[in-house]
Amino acid sequence: MTTNYIFVTGGVVSSLGKGIAAASLAAILEARGLNVTIMKLDPYINVDPGTMSPIQHGEVFVTEDGAETDLDLGHYERFIRTKMSRRNNFTTGRIYSDVLRKERRGDYLGATVQVIPHITNAIKERVLEGGEGHDVVLVEIGGTVGDIESLPFLEAIRQLAVDIGREHALFMHLTLVPYLAAAGEVKTKPTQHSVKELLSIGIQPDILICRSDRAVPANERAKIALFCNVPEKAVISMKDVDSIYKIPGLLKSQGLDDYICKRFSLNCPEANLSEWEQVIYEEANPAGEVTIGMVGKYIELPDAYKSVIEALKHGGLKNRVTVNIKLIDSQDVETRGVEILKDLDAILIPGGFGYRGVEGKIATARYARENNIPYLGICLGMQVALIEFARNVAGMDNANSTEFVPDCKYPVVALITEWRDEDGNVEVRSEKSDLGGTMRLGAQQCQLSDDSLVRQLYGASTIVERHRHRYEVNNMLLKQIEAAGLRVAGRSGDDQLVEIIEVPNHPWFVACQFHPEFTSTPRDGHPLFAGFVKAANEHQKRQAK
């Protein structure tokens with residue numbers, strides 16, 4: 001089986017939407033029956049984004065196999081059926097780390113280790129490994145052509161195109177075509193200079209995707225084709241749209257998939273985009289709207305919650321309602337009070353780390369519980385809901401997490417290495433013990449209680465969801481909380497760890513330790529988000545009576 005590669009680069013400015021363009025093209029090719037995957041090569045020196053600030057980098061997307069990756073992999077999974085893994089994302093830091101380990105082991109037999117060939121060879125090896133078993137692999141290069149950080153990756157893909165043969169390699173370059181209101185026309189010069197920069201590295205683009213706030217006229221596309229040495233039919237206009245899910249249809253309408261299949265000599269049927277047409281129809285024709293408050297600590301950069309925001313929109317699609325998301329800083333709840341939570345149809349508290357804003361989240365969970373407002377807590381959102389219930393219902397004054405108050409009287413949430421048994425002895429666990437280390441990452445099984453709301457929502461007794469956390473519900477203090485009325489609706493496959501809690505005498509109060517947003521897609525949605533948005537819609541109707 002021969003694997004074909006499409007290398008995706010960006011020019012002029014960053015944030016042009018290379019990830020969306022690559023994912024949209026992959027969706028079209030998948031709709032033609034091809035086995036497609038996407039890779040992201042990030043030029044930063046961090047080994048992975050796991051320890052990077054969400055405010056600076058955006059969310060960390062967790063794959064099934066537990067890799068902490070770039071948020072673009074979330075876009076990839078929302079557009080195609082193929083699941084991403086740690087083989088789909090690697091960074092400069094990871095490449096250099098691997099090469100340096102080999103050098104220390106003597107794998108290079110005393111050779112002088114250099115960017116070329118050692119770093120570029122390592123990059124090529126990982127691209128080829130990630131592409132095994134697929135018809136087409138799209139490889140997105142992070143950053144912008146001209147950045148010094150990207151040079152080893154660009155050199156590697158230049159070499160790789162020669163290695164595998166140009167008949168199996170395409171270079172697709174995204175570039176900005178700005179509109180100047182004063183001149184009343186779009187300008188192609190930035191694109192010409194961007195392609196010139198790419199040519200200086202030794203890469204001739206085969207396809208140009210022209211990003212603009214409007215459709216790029218045919219005469220301007222012809223001009224770009226002439227000056228950039230690209231066929232006119234390979235100069236594609238990608239204008240701004242009100243929904244990213246319109247991009248596959250936009251690219252297909254200009255024959256991009258036909259051009260690629262012809263270049264790769266792929267004989268495959270026409271793409272059937274009916275599923276995407278249905279998504280677009282549902283998005284454009286809602287029967288109502290709801291307002292959901294998301295109370296977090298990284299709200300100045302919405303991309304920090306990208307998958308949650310998208311999952312809420314997917315929940316809206318499944319209920320034919322538009323979801324308006326109100327981002328609320330949890331510190332504002334602390335300083336201004338819960339009054340700022342009024343007029344919401346539902347409340348969601350997403351994941352997070354650190355003490356800042358936690359008391360505001362706890363107050364938010366209490367407000368939702370006491371006022372019968374639909375509540376969905378994710379990761380930390382479950383932990384604060386548990387702390388709130390322990391304090392205000394179970395009589396455990398000052399209950400907390402050891403993440404925030406290490407010596408609290410009631411550590412209802414703690415590292416699994418900090419649990420104490422019924423005799424008060426610290427339970428010692430390590431990365432070699434059955435429960436693993438202190439960080440749970442990736443897909444794990446969860447058993448649902450038969451009498452739970454989530455059992456009805458999922459329609460199954462066993463589910464698999466992705467995790468990213470260090471702290472767990474402290475089982476040694478759980479009995480007192482359950483006796484006060486909290487329901488444990490889901491436990492880990494070994495029945496050891498609390499995965500889902502519910503408040504039974506509440507219209508809709510669900511909190512989970514895992515991250516359901518990572519498996520929500522526009523075509524399929526997710527049971528928790530669909531149920532949550534439905535509850536928000538019902539709450540709105542009750543309030544209107």
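Glycine residues also receive a Cβ, built from the backbone N, Cα and C atoms like all the rest.
Among the candidates Ser14, Ser15, Ser401, the residue that Swiss-Prot names alongside Asp147, Ile148, Glu149, Lys187, Thr188, Lys189, Pro190, Thr191, Gln192, Lys223 for the CTP site is Ser14. The record from Swiss-Prot ties Ser15, Leu16, Gly17, Lys18, Gly19, Ile20, Lys239, Asp240, Val241 to ATP, and of the options Asp65, Asp70, Asp72 it ties Asp72 to that site too. Same-site candidate for L-glutamine binding, as annotated by Swiss-Prot with Gly352, Leu380, Gly381, Met382, Gln383, Arg470, chosen from Glu334, Glu339, Glu403, Glu482: Glu403. All protein chains considered, the CB of Cys379 (active site, nucleophile) has 23 other CB atoms within 10 Å. Residue environment of Thr191 (UTP binding site) contains 28 other Cβ atoms, counted within 10 Å of its Cβ in all protein chains.
Distance noted between the C-alpha atoms of Lys223 (UTP binding site) and His515 (active site) is 48 Å. Across the fold, the C-alpha of Cys379 (active site, nucleophile) and the C-alpha of Pro190 (UTP binding site) stand 44 Å from each other. When the binding-site residues Ser14, Thr188, Gln192 are scored by other C-beta atoms within 10 Å, Thr188 scores highest.
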